[in-house]
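A.B. asks: Pasting a structure here, questions to come.
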Amino acid sequence: MGKSVVVLGAQWGDEGKGKIVDLLTDRVKYVVRYQGGHNAGHTLIINGEKTVLRLIPSGILHNNVTCLIGNGVVLSPSALMQEMGELESRGINVRERLLISEACPLIMPYHVAMDHAREAALGNNKIGTTGRGIGPAYEDKVARRGLRVSDLFNKEKFAAKLKNVLDYYNFQLVQYYKAEPVDYQKTLDDVMAIADIILGMVADISTILDTARKNGDNILFEGAQGAMLDIDHGTYPFVTSSNTTAGGVATGAGFGPRNIDYVLGIIKAYCTRVGGGPFTTELFDETGAEIARKGNEFGAVTGRPRRCGWFDAVAIRRAIQVNSISGFCMTKLDVLDGFDEVKICVGYKLPSGEVVDYAPLSAKDWEGVEPVYESMPGWKENTFGVTDYNKLPAAVHNYVKRIEQVTGVPVAILSTGPDRVETMILQDPFKQ
């Protein structure tokens with residue numbers, strides 16, 4: 001009997017999902033992206049070679065795996081071609097192993113232009129988007145004016161639809177945002193030049209997945225961003241534009257929710273966040289700077305520095321609740337080496353003085369919230385690259401066990417370095 005496992009970020013993204021997906025991929029036949037776009041960078045280091053994937057599932061580096069892009073993903077044709085080119089230049093046959101839903105909305109140049117114009121207009125109050133047109137593309141999907149992959153099958157109708165939607169965008173860009181318009185002919189020519197390549201990879205993703213499940217094949221769903229950035233359940237409005245939670249698998253890949261066997265939540269041993277928004281445990285002192293330096297906390301796609309703080313069990317409880325997380329994979333454990341003490345946030349102190357163990361839903365309700373910490377002894381030993389749990393310091397064991405206790409979720413996998421071999425699998429998600 002095959003297993004279907006969801007791998008998703010349980011914090012604010014950048015938890016190390018790419019490595020873990022790559023690690024587990026040798027157990028599966030299919031790896032599926034179901035939400036987001038090319039705004040998420042999944043960094044893989046294999047035999048010392050670094051690969052950053054933004055759109056194509058991380059399983060593409062395994063020859064026996066078929067990669068699927070579900071309807072919940074917003075697809076940038078130019079980003080797809082660039083990523084395919086980079087992989088094919090290294091001898092990886094992408095076109096025979098990548099299948100794309102025809103229902104994927106297309107990210108077009110006017111989406112990117114609108115993204116930049118809006119962020120510029122917001123000034124200091126900007127959301128902190130990656131500027132890749134993700135949000136505007138999802139807006140078009142909901143407004144039912146968006147272009148989809150399926151529209152490329154009829155090039156004349158595509159050209160007419162493009163003209164209408166581009167007129168709509170250019171009016172806003174020029175009249176309201178005082179920005180430059182997007183050129184129609186160049187936009188059309190650019191997408192038509194690569195349309196047939198994309199259409200050659202179109203498939204019915206939902207049916208493929210249903211057939212795979214019935215055939216007993218293992219399937220891995222690769223989430224992007226993190227649960228606390230979910231458009232509905234994250235720290236709104238400082239969120240992404242898609243459903244980053246496990247429910248996104250059903251809506252974004254056409255896979256029945258009862259068929260999900262295991263949800264693996266990826267967590268760092270501490271917390272990070274990119275861009276604006278609430279971050280209760282954020283550190284503004286030398287400790288925060290040291291975590292950022294040791295963890296090399298800069299965005300894989302944007303290069304932006306990440307905000308760093310102690311592990312937040314309160315925020316994680318919300319992620320557990322919304323995603324039915326079965327087990328954790330804790331990454332970057334080695335970054336905490338050398339600290340005299342480590343802390344876990346176990347409660348939030350509200351402005352009223354009340355201490356609660358749950359996270360607010362909207363950003364405004366986080367205002368004035370203070371962390372309530374438990375302090376634990378740190379460890380001086382070097383844990384980088386350790387692959388035997390019994391060889392970890394006792395203080396590490398205590399830290400991991402305490403996180404399991406305060407969250408109620410077991411740590412199934414521990415990561416002590418960026419390479420796939422620098423990992424301890426304590427519970428295999430595909431054998432549970």
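In case you wondered, yes, glycine gets a Cβ from its N, Cα and C as well.
Pulled from Swiss-Prot, these are the listed features:
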BINDING   13-19, 41-43, Arg306, 332-334, 415-417  GTP binding site
BINDING   Asp14, Glu15, Gly16, Lys17, Asn39, Ala40, Gly41, His42, Thr130, Arg144, Gln225, Thr240, Arg304  IMP binding site
BINDING   Asp14, Gly41  Mg(2+) binding site
ACT_SITE  Asp14  active site, proton acceptor
ACT_SITE  His42  active site, proton donor
BINDING   Ala300, Val301, Thr302, Gly303, Arg304, Pro305, Arg306  substrate binding site
A.B. asks: Cα within 10 Å of Lys19 (GTP binding site) is the criterion; apply it to the binding-site residues Asn39, Thr130, Gln225, Gly303, Pro305 and give the hits in sequence order.
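C.D. replies: Of Asn39, Thr130, Gln225, Gly303, Pro305, within range: none.
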A.B. asks: Nearest to Gln225 (IMP binding site) in three-dimensional space, by Cα, is which of the binding-site residues Gly13, Pro305, Leu333, Thr416?
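C.D. replies: So, of the listed binding-site residues, the one sitting closest to Gln225 (IMP binding site) is Gly13.
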A.B. asks: According to DSSP, which of helix, strand or coil covers Lys19 (GTP binding site)?
C.D. replies: helix
A.B. asks: Distance check, please: Cα of Asn39 (IMP binding site) against Cα of Pro305 (substrate binding site), rounded to an integer number of angstrom.
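C.D. replies: About 15 Å separates the two Cα atoms.
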A.B. asks: Provide the three-state secondary structure of Pro305 (substrate binding site) computed with DSSP.
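C.D. replies: Going by the DSSP assignment, Pro305 (substrate binding site) falls within a strand, counted as strand.
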A.B. asks: Per DSSP, Leu333 (GTP binding site) is which: helix, strand or coil?
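C.D. replies: DSSP call for Leu333 (GTP binding site): helix.
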A.B. asks: Taking each of the binding-site residues Gly13, Gly16, Gly41, Gly303, Pro305 in turn and counting other Cβ atoms within 10 Å of its Cβ, which one has the fewest?
C.D. replies: Gly303
A.B. asks: Round to a whole number and give the Cα-to-Cα distance in Å for the pair Pro305 (substrate binding site) and Gly41 (IMP binding site).
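C.D. replies: Between the Cα atoms of Pro305 (substrate binding site) and Gly41 (IMP binding site), the distance comes to 14 Å.
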A.B. asks: Given a 10 Å Cβ-Cβ cut-off, pick out the one of the binding-site residues Lys19, Arg304, Arg306 that has the most other Cβ atoms nearby.
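C.D. replies: Buried the deepest by this measure is Lys19.
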A.B. asks: What number of additional C-beta atoms lies within 10 angstroms of the C-beta atom of Asn39 (IMP binding site)?
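C.D. replies: Asn39 (IMP binding site) is surrounded by 28 other Cβ atoms within 10 Å.
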A.B. asks: Provide, as an integer number of angstrom, the distance between the C-alpha atoms of Arg304 (IMP binding site) and Gly13 (GTP binding site).
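C.D. replies: Rounded to the nearest whole number, the Cα-Cα distance is 13 Å.
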A.B. asks: Enumerate same-chain residues with a sequence separation of six or more from Thr416 (GTP binding site) and a Cβ-Cβ distance below 8 A; give 'none' if the list is empty.
C.D. replies: Leu333, Asp334, Thr383, Phe384, Gly385, Val386, Thr387, Glu422, Thr423, Met424
